């Protein structure tokens, strides 16, 4: 009986193994600590009364200050590397601000320099319209117009158009460059009148436009066609010399080159040459170039397709009156701009 009781007591002291698995132990709760301050430029600035720029991690629990120079593990402070990081952030921010300021200053300087060359970009449409109307009505019935018409009657119209328009395009670019150079020199050496800067280039351009406007209207009001006949006779003489040389009509390239030289010489110092200089000095050169090229292209195309038919649809006097009126109108606009400025 005693043996049975002892065995029972020994069995009851043994651990009982259950079939179910035991849940994992709950980890101990870590006390909540204060959030690290952000590494912004403002947080890097030293506070009043602080001697060292060291960012520490605060604890919810009160206690003695934690030693510096320890790691993240046991609630320890960040090393002094944060001070150098803040210094780099400040230096980077200052560098970015200085770079932006220098770029803006450089862009402003380059824009002012380009504006002296290309003029006011907002005045392109006005310069285009003025140059187109002025060149178109100036070239109708001009010596260059008759030269293109006479050459097209004896050669291919496309070849004559290329040679004529090429010469007029080069002449236009030269005129605009001269006008813009005069405007640039006037900006460097200003002329003072009454205590204010007086735009000499715009004034001379207006005077030149007035001169051509008055002479064109006087030729139209004279009642005879001597001026137009003189232009046509000069064109016929130039074309006869061109054809008499025999240089040229051998190939398309030689014909284009000969036409280019003939028109370039005839156009040099012409009324449209000086009027383009005047417009470029007072208006946007980009608009003047585009408008002049468009006006030359349309007038040359009319001359090549059938310049002799122009008189059946449009009177020579009407063309002269329109051209002279445009010269005076553009001169008046230039003078008004001078007064307003």
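FYI, residue positions are counted from 1 along the chain as it appears here.
Glycine too: its Cβ is placed from the backbone N, Cα and C atoms.
Between the listed ranges 182-202, 203-223, Swiss-Prot ties the annotation transmembrane segment to 203-223. Feature annotation (Swiss-Prot): of 1-41, 83-123, the stretch labelled region 'Disordered' is 1-41.
Feature annotation (Swiss-Prot): of 58-78, 79-99, the stretch labelled transmembrane segment is 79-99.
Contact between the transmembrane segment (158-178) and the transmembrane segment (318-338) is not supported, since fewer than 3 Cβ pairs fall under 8 Å when only residues 6 or more apart in sequence are counted.
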